[in-house]
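S.K.: Provided herewith is a single structure, encoded as structure tokens, for subsequent inquiry.
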Amino acid sequence: MKKIVLAYSGGLDTSVILKWLQENYNCEVVVFTADLGQNDDMSAIRQKAAASNVKEIFIEDLKEEFVKDFVFPMFRANTVYEGYYLLGTSIARPLIAKRQIEIAHLTGADAVAHGATGKGNDQIRFEFGYYSCDPNIKVIAPWRQWELTSRNSLIEYAKKHGIDVPLDKASEPPYSIDANLLHTSYEGKSLEDPYIEPDYTMLSKSVIPELASDTPEYIEISFKNGDPHAINNVPLSPANLLQQLNIIGGRHGIGIIDIVENRYIGIKSRGVYETPGGTILLHAHRAIESITLDREAAHLKDEIMPRYAKLIYNGYWWTTERKMLQALIDKSQDKVNGVVRLKLYKGSVMVVGRTSENSLYSHNLASFDSSGNYNHTDAEGFIKINSLRLRNS
């Protein structure tokens, strides 16, 4: 092994992994941190890596690329995994893996490493991404190789090797946290008992609905070709738009869920997720589609969505089948343009209006007071033909 690129967060796990790689492979380690909106102190991460004698440190702001090229395409499909999960962690891994391989090529590294555990989905997502971008890359997964099997053993290793362990880490925080611009997730520790209610003081993006404002807030989101581009008629970049929706949704307790999900490797996992902006976007996008998509096109999208969601959850972002589905989904968005008005109040998102220059909604046809060009007697033949199998079964 000549050189290794490590996906590095500066937390306890990857700080220990950095030292472990240096010791066990006796080669140079390059660190890469993707800024996806997790609000970490990037300068502190750089200093911590430098203190471990790392010469090449890549800390890159990928927020706009993350939202534009990964989050928005996923939301065009109204993607939800197992009815609730908006895939905030899953959708971040393909971008990190892609850029990690690019840095490996740039620096002449012949291996990459990650800090995902041997029980989780992320090891699969990262490594599928690596091999999709470079089939010949060597992959190092320390959690599947070393003898450090607990958080206490990591802390002892860190202390032994002079690695700074923040006080909150040493005192074992109750949850394992993953964050980016789309969501924040909490897993492990007390959440491992699925019957115990979480301590919601852990939340970082939102207040719980009970503590949210007593006054509802109305907002408008504008869409073009299926993607949001403005809030209240103010154009925003993809990352800034999602960030603004997080702020708005967070103060109204939007998008807090507590779920047990089925991991790809077969383990059930309980987690709490905050996705305020994404939850608002999901409601808004479905609303604008409701007046701009033909019925059969809308139903076809609903049929393929679970398959598309499973591909992303299981780490298959770079596959041919995901790209095929994406092409179909993207084509469906050609006329998904317009404005959606929403009412936010104590954890709920209510669509209260939608309008589009491409609207397929006909007031004359829908009205109880007007028939338009619809003849009520035509329904008789329609019913008789479509009920043949029911009357003859």
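Any Cβ shown, glycine's included, is placed from N, Cα and C.
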S.K.: Kindly point out which candidate in G115, G118, G120 is recorded by Swiss-Prot as part of the ATP site with A7, Y8, S9, G10, G11, L12, D13, T14, S15, A34.
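M.R.: Swiss-Prot names G115 for this ATP site.
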S.K.: If Swiss-Prot says Y85, S90, N121, R125, S176, S185, Y273 bind L-citrulline, which of E192, E261 does it name for the same site?
M.R.: E261
S.K.: Going by Cα-Cα distance, which of the binding-site residues (D122, S176, S185, Y273) sits nearest to G115 (ATP binding site)?
M.R.: D122
S.K.: Looking at Cβ-Cβ distances, which residues of the chain lie under 8 angstroms from S176 (L-citrulline binding site) while being 6 or more apart from it?
M.R.: Y186, E187, G188, K189
S.K.: These are the binding-site residues: Y85, Y273. Which one scores highest on other Cβ atoms within 10 Å?
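M.R.: Per the Cβ count, the most surrounded site is Y273.
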S.K.: Of A7, G11, D13, T117, D122, which binding-site residues are close to S90 (L-citrulline binding site), meaning a Cα within 10 Å of its Cα?
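M.R.: Matched binding-site residues: D122, sequence order.
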S.K.: Would you mind checking how many other C-beta atoms are within 10 angstroms of the C-beta on S90 (L-citrulline binding site)?
M.R.: 25
S.K.: Measure the Cβ-based neighbour count of D122 (L-aspartate binding site), defined as the other Cβ atoms within 10 Å of its Cβ.
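M.R.: Total other Cβ atoms inside 10 Å, all chains included: 20.
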S.K.: Whole-number answer please: how many Å between the C-alpha atoms of D13 (ATP binding site) and S185 (L-citrulline binding site)?
M.R.: 17
